[in-house]
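Right, one structure below, let's go through it.
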Amino acid sequence: MNVGALLFPLKKFAPVRILLLIAIGIAFITRLVLLLSFWHPIAPGFSNILTSFIIGFVYDAVVSILLTTPFLLQIAFTTNYIYTNKGKWITIFFFVVVLSVVGFTSLVPKEFNSDLYHSLIGYLIARFAIFLFLLQRSFSFRLKWRSGVLKLFFFITVFLLVSNAVSEWFFWNEFASRYNFIAVDYLIYTNEVIGNIRESYPLFPIITGVLLLSAAIFYFTSGPIACSVRTPLAFLKRLLFAAIMIAAGLLLARVIPPQWKYFSRNTYVNELAGNGIYDFVQAFKKNELDFYTYYRTLPDTTAFKLVREQLGMPNSRYMPPDLTNLRRSIRDSLPERKMNVALISIESLSASFMQAFGDSSHITPQLDALASRGMFFTRLYASGTRTVRGLEALSLSIPPLPGQSIIKRPDNEGLYNIGAVLKSKGYITQYLYGGFGYFDNMNYFFGHNGYEVLDRKALKPSEIHYANIWGVADEDLFTLALRTMDSDNLKQQPFFIHIMTVSNHRPYTYPAGRINIPPSAHSRQGAVKYTDYAIGNFIKQAAQKPWFKNTLFVIVADHCASSAGRQELPLPGYHIPLIIYAPGIVQPRQVNALMGQIDIAPTILGLLHLNYTSLFYGNDILKTPPQKQRAFISTYQGLGYLKSDTLIVQSPVKKISAYKIDPVTKEQQEIAPPGQLVNEAIAYYQTAAWLIRHRKYRF
């Protein structure tokens, strides 16, 4: 027996061999293009380049083998037996049975996804119709049909590989990484994302270029497909080869760890070593990361003791004396002041956009004016890099846990949040969003945590001056806010209204004629300036309302416009502004205390002098001594704890790094991790994970 011919039947499986080479080649070229396109920020050394390409080749090979699985199965199971006198009746019986089971039983529940169910039915009927059609045709016709189908699938696969390479470049340009949790999110919210892509990029030239390149690759590589179809090979030999290849791919995928690519201190180089498709699958699998599995831990009682010490303040008292409980009574020395609160979280507003932080392009004149007339916080850091992470911090006041935001996780109802606290004090609590609230699970989360949710559907058509795929223009959202606040005021109750803007988001479009940067420019600066204009106009209109003098306006970003950098957690990528504005009540001042987004809710409640029972991890920053000031910053896996001039970073698997922060440049110099700060960092995140897991972070 010729073992070589058995294991490597080159002619019969030529399409698989060629596709493997194409997939690996495209992945290699993608890595090379990313390296050359972003050479300056990556700043690699030769050894790093070599290592990233070697590791990358391993990931590319795994992905490429698995991508050929449909072709292996197609070639292995394509047989003439089904067209013989005996085989045709077996095949007809098979189709009838399968269609009956799918169509007349609940084995495949249509309620789960009716579109998927009907697609399956349609696919089975189409395959049955094709079989009946080919049954009436000659053997030579069937060979041509198989060749054509295989060529079609081959071209589609090449097109998808080239399209993916182009997508990876755009994704890297936007997020400075391979596919991650953001890509998983984008797959779920396809309507918004496709609309965003259509409005942001010249799709026709891009798709045309991808088609032409795919066609060229197909033209020069598809010749052996016809030969493959005509080459006879015994069924068992075909099956054995396909089984070996598929098993090899699955085994490699199983034994090769995703951590291999994390070989360098340079985040860019590590991302370069990855493979986009492989990383996408890993991100999909790791939607939630278990802290106790992937991060270093302390004994739970030790962790809670450390956190209780850090959260303890002169005006708080723990109740009851349970060491795994952070519930404490907050008492203010002054009478409660039940002012209205309007919390405005602005999409992607980096501190660096404001003149107050050194920007010279004057794109935030309204916010700069408000900063000079209100309480302006200069050292605030966002919890994460996505809107849901900012909303989580602002509402729940909890450190950012690894994996997906709590807002998008199951079992997130009835959590302890600022809306629930204020509602218990007689407030009307509402969440307003300019887009459709199903996005990022906003409707469900806020609706199941004590808020009334109002999204773009609450606006009348006449109230919408402009809208793109993400939502209505910010000025229209503020029109809804003013109308809602007027209505709330008539009920003789204080109100808490959380407003989430959308205009400062790619494709950066907005109504024409509002600012001196036309929307046709599709520029980030234009979107920032428009949002600034809309906020200024909102405050101006609000000043004419009877409820204005009794309203606290809190203006903050959800996250920065970009968090990319050489470091895993670059501080400038998390620095955001905070303004609290209430003329005659909050005196203008600059607050330079170090704080995180989770400190905003307790600070608001402190300004209202409310007495309440707290589970918050945040502190009223105006009453927090410097030695207890800290901030939390994160990616989906990197968990940062910033205190004074030291940043502790926890990451999988049980890795801890420490960096000294330059006070001027914010550059990070790695140092030996200081034990006390490391324990504090672990304790904060560990206890938060414990409370969420054990359903103890409840109102």
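Cβ from N, Cα, C; glycine included.
Of the residues proposed, Thr378, Thr387, Thr603, the one TrEMBL records at the same Mn(2+) site as Glu347, Asp558, His559 is Thr387. Counting every protein chain shown, the Cβ of Glu347 (Mn(2+) binding site) has 23 other Cβ atoms within 10 Å. Counting other Cβ atoms within 10 Å of each Cβ, the lowest count among the binding-site residues His505, His559 belongs to His505. Between the recorded positions Thr387, Asp558, the minimum number of other C-beta atoms within 10 Å of a residue's C-beta occurs at Thr387. A Cβ within 8 Å of the Cβ centre of Glu347, Thr387, Asp558, His559, the residues given for Mn(2+), is found for these other residues of the same chain: Ser345, Ile346, Ser348, Leu349, Arg386, Gly390, Leu391, Met500, Ala557. Nearest by CA distance to His505 (substrate binding site), out of the recorded positions Glu347, Thr387, Asp558, His559, is Glu347.
Taking the C-alpha positions, the distance from Asp558 (Mn(2+) binding site) to Thr387 (active site) comes to 5 Å. The transmembrane segment (52-77) is in contact with the transmembrane segment (239-256), judged by 3+ CB-CB distances under 8 Å for residue pairs 6 or more apart in sequence. Only residues 6 or more beyond the boundaries of the transmembrane segment (152-172), in the same chain, are considered here, and those with a CB under 8 A from a CB of the stretch are 15, 19, 22-23, 26-27, 29-30, 33-34, 37-38, 67, 70-71, 74, 178-179, 183, 201, 206, 210-211, 213-215, 217-218, 221-222, 225, 271, 276-277.
Straight-line distance linking the Cα atoms of Thr387 (active site) and His559 (Mn(2+) binding site), rounded to a whole number, equals 7 Å.
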